[in-house]
């Protein structure tokens, strides 16, 4: 025990200190009954670590023979289900031994708690399973090119050296081969036979003080999971080796996304500073801030609100120009092309990783059905078997009668006996849409209900904004009145953020519950359906308040004298004098930043620690005083069991996908969104890395060629962003009205007079009774007030109707949407066409490997033909031998005269041999290459 404590590497091994623990199975065994009595009375059933306790009779001879000793008696499991689980465990572990795995159990030195079963896979077992799974290994060294390209690569490598993690070159491990041997372990865990199953971490993650000899976990911690390593590239190959291809692809995708946020952030900063530099020369802002213009605006609420001057909204107008300027249109086009370029770049990166990780020829494997699917299917078979039994009984009663019918006997009786009398074959049954129909109906109704909950939450915040605005407008404090819009906007956005965070957690649980009702067959199907539902619910939850501000706020408020009211008392809210774009910017920035900060600091750090604490307390409550730990230092499997189980990558992907929506969908209103996303992701990568290395159990290594359905969601968001940005620029910003005014209505061809052009007149005598301001500080001589809209003046023949300018602006807006969409989509398709999916160097390597495979195949065929000729040469005449040699010479060397791969041509006899003898060698040749 002291040696194992002193050598950390032996904490990962069996008791012999040589065989490494590759996998751990954990189950909970209950306390056995404690019976008082003489040991001799229970000698046949005493269990004490496999032997009788020494010294009991000696103690009895010392004068304590009358005191009954307390011994542990095995009276069998208290629950019949426990006995069944024991039998299943014994059978399962016996199958593992038959497969070649070596098993070590805990010594029975505790009366209650968790038992750990250690598994070790010898090299022969790993090699056998790796060959079956077609896990390839390199067979030759890579030849480095010489010349100018090699010199440039060397220069770039030296310049890039400080940013590279200091990890050695990684080779493929066969850890996944062991998990393949444990097929069905998820079903046993779901049925309670085992509590959990996981591979071990490579020891402690804390640095050992030695520069060399670090395990993979320590390398990942030092070169990847520290915030001090934020400037370094991720060791993707080491991540893949330690956690598997699926997790490696996630971090590779996150790295590509974060890198491409750098140019987007730079362009966004330039656009923001362009707005800041031109705010002083912006004519519409100057006109709004000019007190000499004296635009008297209509009241913002009934009775309590007074008339006001437009110049008081000067600060809002100047802030709006920071985000609503001509550069915003360019940035929206740039970000749409950026999204297309990001997807194309990731496809190239993914194909490169597939080649370097030997995933190019990976085939889809048949997955084991999920435990719940098997349970439902078993219940269906039992019901069908019961119904078939009843039918068989009825059939036996009426069979003699049907036998007497001569006319229909030859036609009906065979069908009747096949379908009724004979038992049905249920071995290949599966669940149909009829079995899943109740789950589908509940899914549809629940999702619609959740959409209604989200809309209700948004509407509740709207009511809050309207009522608080009215109450603050009635205040006698002038400071309160002057800060109504800022206070209401800020508090409403914070309320929206809190509601979004709460509903996010609820929707995640609801999506998992709804997916279980659909009874997916495999884990892949379950994961895809869960992702789709969770994304729909969380997308609606996160973006519903933003969609309202962008496209609905102020559109249905009405006009002075004919406002739209909520509950007959409160007017619908309107946009700020500078437009709704500045409010959209505030809404987007607070929700985006708040969601990232709170989720990173509270949900991803605090909640896992809270779960770990609750699990520890729960284990202590099970056996507060009965768990007896082994003396000395705890082993690695004990430490790993205390870590949080790995629950999948869906939360990690979902967080980044929602962020991608913030960056791409409404980026026209907030050019700094890519910058804040970049800063968040730099922290997010190290935070996720630390969580995987230090706080989670090591997950099973799962192979994957791509990121799955997430790529389709990203592609859909990229296309949807084109439409959203087109409508934001056209209908939310003032870009189109400014263009229409400058080129159609301006007498000087400039923006002078634009503010006056966008304001309509209203005769205050047309106010409805009870809506006129009760007290007016601007005097009682006001005849007309102004409001932002394109309507006819009260002195026209059609007062307060939409003017010609309104229809001109509307036509221009719709035309811009069509032009913007077609232009950007065409340019995106051009970008996708220009950038090839497969990198040129990978394409060349694949061609060379294919040519090598064909050459090896033809050589093998030639050797087989020569072997066949030697076998039959004894029975052939000299003329037949010459003919066979001539045919051999004319058919085989085709690959030497014509370049490229050609199918082998051979006589019928070798093909028969190849069909049943050459398949395995072909697989080996293919894998080796």
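Glycine is no exception: its Cβ is also placed from the backbone N, Cα and C atoms.
Keep in mind that TrEMBL annotations are predicted by a computer and have not been checked by a curator.
It should be emphasised that the depicted structure is a prediction, and the values quoted were computed from it without experimental measurement.
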Transmembrane segment per TrEMBL - which of 387-407, 408-428, 555-575, 576-596: 408-428
Considering only the recorded stretches 250-276, 327-343, 484-510, 530-551, state which has the highest number of Cβ pairs under 8 Å to the transmembrane segment (657-679). 250-276
Counting only residues 6+ away from its ends, which parts of the chain sit with a Cβ under 8 Å from the transmembrane segment (709-729)? 253, 328-329, 332, 335-336, 339-340, 342-343, 346, 528, 531-532, 535, 550-551, 581, 584, 653, 657, 660-661, 664-669, 735-736, 816-817, 820-821, 824-825, 828
Sort the residues of the domain 'Anoctamin dimerisation' (183-236) into helix, strand and coil with DSSP and give the three counts. 18 helix, 4 strand, 32 coil
Across the domain 'Anoctamin dimerisation' (183-236), the model's average pLDDT, rounded to a whole number, is 84
Tertiary contacts of the transmembrane segment (814-835), defined by C-beta under 8 angstroms and 6+ residue spacing from its ends, are 332-333, 336-337, 339-341, 343-345, 348, 718-719, 722-723, 725-727, 729-730, 736
